[in-house]
């Protein structure tokens, strides 16, 4: 294919579809058109017919992932800005994050074993509930495949943001803290944007809890690797 | 244009903190990713008043808002895992669906119960 001779073809296409999909999502507000779903769908629609291998695609786009490092550093800003919220409710939030993480790890691992998924897929599923910059290093600590984890994290976000909206209608949750934590622990970034639509306080809680849960899991990863 | 220059400077500063975090983790042989070391350093800088969060808010906001762009390349690993998804896809989705439901229920009820308990005991 002639197109593939262009060295930055995949990078240009990635940036192009990302910008396009962000624009169209802002105009329509349709969840199915959000970049989280539309960008991978569009890219796969081009790459699959061309028989592109992942190595070929990632050759010119790999460096984008290096930016996840500075993103992790940037997480210091929301933690600092929400420090009063954290100081006031640290016990409820910490218990929620620990209980949620244990539930996530135990059910992912247990269900994957019960359904006889192979070990690298199972270990890639374990950190699927936390945000990608943390989930990928946890996955490699556990012997999973970080890229596969990123895929599972995306599915979790897409499904979790929808499920969380339904659950809020049914569950008797009176505190914005519980509503925010549900999204932050259960559906990371996609959940945080959904939580902001529910309310400002829910959004702040979700954002804070998402980052702290990621950190918690990262620090627990060596222990987890020994246990699982 | 001014905003753009400012954004660029903030991004460079965040990148520098990240790279310094990586170096520090390597020197001290810490098994922690450089980004997390950088996060810790930046929190300490905020706490000591050395850096104001407002000074980095634009850059940090842009990075977090566009985070998806930075992990799209990882998502494209689907190109190599097409066979896996055809064979095990429904089982994987079942795990993700049930586990997400469990996480949300457990987290929300834990936080709600602790909050209600505290309200009753503080009043």
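Any Cβ shown, glycine's included, is placed from N, Cα and C.
In TrEMBL, annotation is done automatically, which means it is predicted and not curated.
The feature transmembrane segment is assigned by TrEMBL to A:6-25 (among others). If one looks beyond the transmembrane segment (A:6-25) by at least 6 residues along the same chain, the residues whose Cβ comes under 8 Å of a Cβ in the stretch are 33-35, 38-39, 42-43, 46-47, 52, 56-57, 59-61, 64.
If you look up TrEMBL, you'll see A:32-50 (among others) marked as transmembrane segment.
Nonlocal intrachain contacts for the transmembrane segment (A:62-80), taken as residues 6+ away from its ends with a CB within less than 8 angstroms of a stretch CB, comprise 11, 14, 86, 132-134, 136, 204, 207-208, 211-212, 214. If you look up TrEMBL, you'll see A:62-80 (among others) marked as transmembrane segment.
Summarising the annotation, TrEMBL assigns transmembrane segment to A:92-116 (among others).
For A:148-170 (among others), the entry in TrEMBL reads transmembrane segment.
What TrEMBL records for A:205-227 (among others) is transmembrane segment.
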Chain residues in Cβ proximity to the transmembrane segment (A:32-50) (below 8 Å; excluding those fewer than six residues from its ends, i.e. six or more beyond): 1, 3-4, 10, 13-14, 17-18, 21-22, 24-25, 57, 154, 157-158, 190
Within-chain partners of the transmembrane segment (A:205-227) [C-beta distance under 8 Å, separation at least 6 from its ends]: 75, 78-79, 82, 85-86, 93, 96-98, 100-101, 105, 126-127, 129-131, 133-135, 137-138, 141-143, 176-177, 179-181, 183-185, 188-189, 191-192, 195-196
